[in-house]
Ligand code: NI
């Protein structure tokens, strides 16, 4: 089959960068560079921006922010209410005197989740915000647009 054929290619890379890479993949247990690079490529293909805009996905938006930033807690709450159909659950951890870690569990069309992640990241005082998602298999009502939970979803088999 075509996708089982292996292709070889050459890469030019600064020596010190390659040295760091080799150290890292050794720590991670890779036997050789090829498998490590294949994994990196596979992972990059799973990035949210690679998915078709209307695909239904589930995942998380993790963020760190400074809750002293003026208006930020209010803006964040307002934003989350505007996307309440896409947010299933949230967890908030007070990291220290200033910083909060918040994790949103999200489910819906990837374009809406990307938009939410972008809007959070753009808020002043947000130090970091990262969306990570995985594709939901179609069927079982998952293709309904932008609506996460309903009572009927409880009847679905959890796999
Ligand atoms: Ni906090």
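Counting starts with 1 at the first residue shown.
Heads up, the Cβ atoms here are built off N, Cα and C, so glycines get one too.
Whatever TrEMBL says is automated annotation, not expert-curated.
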Region 'Disordered' per TrEMBL, picked from 114-136, 137-159, is residues 137-159
For residue 100 (Ni(2+) binding site), the same-chain residues 6+ apart in sequence with C-beta under 8 angstroms from its C-beta are 64, 65, 66, 67, 92, 93, 94
In DSSP terms, the domain 'Ribbon-helix-helix protein CopG' (8-46) comprises 27 helix, 0 strand, 12 coil
What DSSP gives for residue 92 (Ni(2+) binding site), in three states, is strand
Averaging pLDDT over all residues of the domain 'Ribbon-helix-helix protein CopG' (8-46) gives 92
